[in-house]
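**Q** Here it is: the structure, laid out below.
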């Protein structure tokens, strides 16, 4: 009888040990899991960062996956040229070539009749003629005064390549494609022995109420703000400057009680577009009090200080910031490595090892 009880005890002890081991494994896994929230106003580059994670930390895009973006890219091209020609009357701009009046009409007719995501030869020809027109180019130069995709000139300048019969989108084409994020998109990948769960949340105002249940147990927030948006207005509200909206949103996040213990990293994104724009448009259009040099460095540092000065807990909470170009894989790789090191350092600090 005694030996029976002993065997039972041994079995219980064995099970208990297995359970302890399992709990320890789960705890170790949990400790190595980083929950990363990508936040920011609409069109600040969050989804492009997610695509870069696939390129850098997963296996990138297979030819089959690249092909799936073809229809999206064609849709972006059509939306872009339509946005430009529809803005011309509002801005009081005429076509330089009289023949383009007919081309504009033809474009509108074709846009209504073609299958979405396709690019028939007659449409390509009309877009090519319109894009060459001086009036269309003048309207494109004033893109901040209406809503236009950042990738418009990238695609329209390469119309022949992307409309060739054997066209297969490359990684840069995929990175520059634009689809509005609705809901929450999760991406999983591993870096430096850490398991990342990255959540990309729609940035438009209507999407933001979906963020709240993502807040639980967040390790790090990457907040994306578009540097180049300083002279632009929101898609949802043409009375609100995009940079002001971004600052307002950052203020509510960096000082939120939910994020008292969360690392916050600021990505001042679209530095390439900002570098071009700042040569032509003074920063005082957004910040009337700014009287510094209208150089990339000075204006960029001023914007950075506007964000960082919003942090009410500077004495205990450091906010890390980086100038980024989300379409530049090497830049994103370098910056994300730095972010990973910050997360490791903060984790060690929490454990009292730093």
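Just so you know, glycine gets a Cβ as well, placed from its N, Cα and C.
Pulled from Swiss-Prot, these are the listed features:
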BINDING   40-47, 175-181, 200-204, 269-272, 326  GTP binding site
BINDING   47, 181  Mg(2+) binding site
COMPBIAS  7-27  compositional bias 'Basic and acidic residues'
DOMAIN    32-354  domain 'G-alpha'
LIPID     2  N-myristoyl glycine
REGION    1-27  region 'Disordered'
REGION    35-48  region 'G1 motif'
REGION    173-181  region 'G2 motif'
REGION    196-205  region 'G3 motif'
REGION    265-272  region 'G4 motif'
REGION    324-329  region 'G5 motif'
**Q** Nearest of the binding-site residues to residue 181 (Mg(2+) binding site) by CA-CA distance, picking from 44, 269, 326?
**A** 44
**Q** State the residues, same chain only, that lie 6 or more residues beyond the ends of the region 'G4 motif' (265-272) and have a CB under 8 A from a CB inside it; answer 'none' if no residue qualifies.
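**A** For the region 'G4 motif' (265-272), the list is 40, 44-45, 49, 150, 220-229, 250, 296, 300, 303-304, 307-308, 319-328, 335, 339, 342.
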**Q** I'm trying to understand the geometry here, so how far is the Cα atom of residue 179 (GTP binding site) from the Cα atom of residue 47 (Mg(2+) binding site), in Å to the nearest whole number?
**A** 9
**Q** Given the model, what does the mean pLDDT over the region 'G5 motif' (324-329) come out as?
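**A** Average per-residue pLDDT within the region 'G5 motif' (324-329): 97.
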**Q** In the structure shown, which of the binding-site residues 175, 179, 201, 326 has the fewest other Cβ atoms within 10 Å?
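**A** Checked 175, 179, 201, 326; of these binding-site residues, fewest Cβ neighbours within 10 Å: 179.
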**Q** Using DSSP reduced to three states, classify residue 326 (GTP binding site) as helix, strand or coil.
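**A** SS state of residue 326 (GTP binding site) = coil.
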**Q** If I take the alpha carbons of residue 40 (GTP binding site) and residue 47 (Mg(2+) binding site), what is the distance between them in whole Å?
**A** 11
**Q** Look at the binding-site residues 44, 181 and tell me which residue has the greatest number of other C-beta atoms within 10 angstroms of its C-beta.
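**A** Per the Cβ count, the most surrounded site is 44.
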**Q** Take the C-alpha atoms of residue 175 (GTP binding site) and residue 47 (Mg(2+) binding site) and report the distance between them in angstrom, rounded.
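**A** Residue 47 (Mg(2+) binding site) has its Cα 9 Å from the Cα of residue 175 (GTP binding site).
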